[in-house]
């Protein structure tokens, strides 16, 4: 073979090898593309961790979590059929209260994006519990937090976030424009009640599964307001209480029965010497029990209980262990309003067990500071101040605020009874801490257990002032 032939042969072999290599590379690219397409399919999931997809169809909640690991989608599915919450169970027997959640939102908000809020509360479906709150349309440590001590403004909204998490724009769900609110789940969907508008013409907007279903106009034109805690659902019906009228005298109080977001019945309480505001309600053996705030003239708490036909009974907690703030020192109680230090008040709660009562209250008689739970074995009906158990929740030196009840249904817990729980708002900032320009709060929650519990203090713990305050 002469030199020219050798050169031609070597060149031909090189070209052939190059073509084969190119074909292999093209095949490799096609293979990678096809493999990726098969993995992602029509779902078109991005690489976001813990993306939650909730689909509602044929009365079944399908809850799936997609976790992307090395381009491989692992799907953990859990189907839970919707069910109407019966609400017929009695309260679980308990010996004390176990710490359930603490969101530390003020501490986190000094550096992170956390909403300025007040009036947080908790409500549970048969699948989950959520924290609801009234935001001020502002973030902590930001200029729009200035002046958020104001209760009613067009910037306030009811929102919710996963239980125990600090409420932020990244984990919160909008529910309703509102400066007074309530929410509850009937086993099929969320009912939300959001009140907004001027003092002399506010309107309550009812939503069911996020869709407006009805409105209720202020009937006295004097600051229509509702519970600031969960409403109660039983056998497909949900119940709430609203107040319209003076905060320092006799007002108008109505109970509403609501089905799938629509009012099916309402009554006005005949209670001329009573004052009901910001009621904390819970189901117990097929009835609804509400323990409320008397802002007019009672340092003990008024109550109203009613059945599903709205037949009702009213009274005041008789115990000499007084539950409101401000209040006198414990002493002789009354089954009528205890008028000593009876003006003003704070949202609170109690749980009735026969003739006994668990009373939640601030430790201070004058300031919204500290919190404790007291068991008075005869306090629902007797007027003495004897009690048999006290559990410390927040120390006297630390700020508290509103408190309220919520329950966990047997459909959630698997128990054969209704688990009683409560939350406490830990308010910081104005008007008491005047080194700040804002008012907001974090929250803690506890649930009743028939086992050992701890006495301690779980305060807010944020160091004030913030950068925006200086």
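Any Cβ shown, glycine's included, is placed from N, Cα and C.
A quick note: this is a predicted structure, and the numbers were derived from the prediction, not measured.
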Listed co-binder of Ca(2+) (same site as 294, 298, source Swiss-Prot) among 270, 284, 311, 324: 324
Annotated stretch (transmembrane segment, per Swiss-Prot) among the listed ranges 7-27, 28-48: 7-27
Inter-residue Cα distance where the pair is residue 151 (active site, proton donor/acceptor) and residue 402 (active site, nucleophile), in Å: 14
Overall pLDDT of the region 'Involved in apical transport and lipid raft association' (11-33), taken as the mean: 68
Per DSSP, three-state class assigned to residue 88 (N-linked glycosylation site): coil
Integer Å distance between the CA atoms belonging to residue 434 (N-linked glycosylation site) and residue 235 (N-linked glycosylation site): 48
From recorded positions 146, 151, 434, 455, the one whose Cα lies nearest residue 88 (N-linked glycosylation site): 455
Residues near residue 151 (active site, proton donor/acceptor) in space but at least six apart in sequence (CB under 8 A): 179
